[in-house]
């Protein structure tokens, strides 16, 4: 059903979301390119940031292009197979992102609380393991939830009051008992939301405690400055996701759910590279170096 049936509103949304999508691809693609080209960014923090940018590109691409197409269509339809595919990739990439943010929080914890052993603790092997586990858990979690959700009979109800094939919207169509689905949704929320959120909170509790022990004000600002970009992204991502997925199905408003999911799927992936580029001196310096090299090569 999308966000609106008014043609003028749909045209405006098409332009707005289209520009946002292009900025998302450009911003996250630039982050990946800078990290790949600049050896000074070959550090654990930017290794995870690269994965995060790839996730954001894939996540927004799993739903936004079809959303844009539907803005131009009189009748908005999606096949059962495509709906299941979209549901799987959306959940897998979303879950992976939360787990990557938890891994990044651990990276910040080691950098602030144990700086002398940072390069030893955050070895390439550990970084690859954390990233691999994040992808694996995200994919497995999504496979289970997608299988349980897509098996539900709808008894002919095929009008999906949403902008995409989202779990709660699909469950609302069911004409059978959904107790198993509610249990799976709760378990999934614990695995990819509550556990990573708890790990992030624990990491920052230790980080704050370590920063408070620093005597100089300048030292405190410098230590906290290394975490501000990640903290901003974490607050935005976990805040939206917890609000969306942890709300009881019985009380969740379909319209409210649509707005929150659209904000998370469309706006958040665009803001992540902006937050990291505007508040990170290393990224801005890398961008300047790449531009200079490109300019010198042309001359």
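Quick reminder: no glycine exception, Cβ is built from N, Cα and C everywhere.
Taken from TrEMBL, the feature transmembrane segment covers 12-37 (among others).
If you look up TrEMBL, you'll see 27-276 marked as domain 'G-protein coupled receptors family 1 profile'.
Residues 2, 14, 17-18, 21, 24-25, 28-29, 31-32, 35-36, 78, 86, 89-90, 93-94, 96-97, 100-101, 103-104, 107, 127, 130-131, 134, 163-164, 233, 265-266, 268-270, 272-273, 276, 282 of the same chain, all 6+ positions outside the transmembrane segment (46-68), place their C-beta atoms under 8 angstroms from a C-beta of that stretch. Taken from TrEMBL, the feature transmembrane segment applies to 46-68 (among others).
Per TrEMBL, transmembrane segment is recorded for 88-106 (among others).
Through the fold, the transmembrane segment (126-144) approaches residues 44, 47-48, 51, 88-97, 99-100, 102-103, 106, 184, 188, 191-192 of its own chain, all at least 6 residues removed from its boundaries and within a Cβ separation under 8 Å. Look at TrEMBL and you will find 126-144 (among others) tagged as transmembrane segment.
Taken from TrEMBL, the feature transmembrane segment covers 183-211 (among others). Sequence-remote contacts of a segment are chain residues at least 6 beyond its ends whose Cβ falls under 8 Å from one of its Cβ atoms, and for the transmembrane segment (183-211) they are 91, 94-95, 98-99, 101-102, 105-106, 108-109, 112-113, 137-138, 141, 144-145, 148-149, 167-168, 171, 220, 223-224, 227, 231, 234, 238, 241-242, 245-246, 249.
Sequence-distant contacts of the transmembrane segment (223-244) (same chain, six or more residues past either end, CB-CB distance under 8 Å): 52, 94, 97-98, 101, 104-105, 108, 111-112, 193, 196-197, 200, 204, 207, 210-211, 214, 257, 260-261, 263-264, 268, 271-272, 275-276, 279-280. Residues or ranges marked as transmembrane segment by TrEMBL: 223-244 (among others).
Look at TrEMBL and you will find 259-278 (among others) tagged as transmembrane segment. Residues of the same chain lying 6 or more positions beyond the ends of the transmembrane segment (259-278) and with a Cβ under 8 Å from any Cβ of it are 3, 17, 20-21, 23-24, 27-28, 30-31, 49, 52-53, 56-57, 59-60, 63-64, 90, 162-164, 166, 229, 232-233, 236-237, 240-241, 243-244, 284, 287.
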Overall pLDDT of the domain 'G-protein coupled receptors family 1 profile' (27-276), taken as the mean: 87
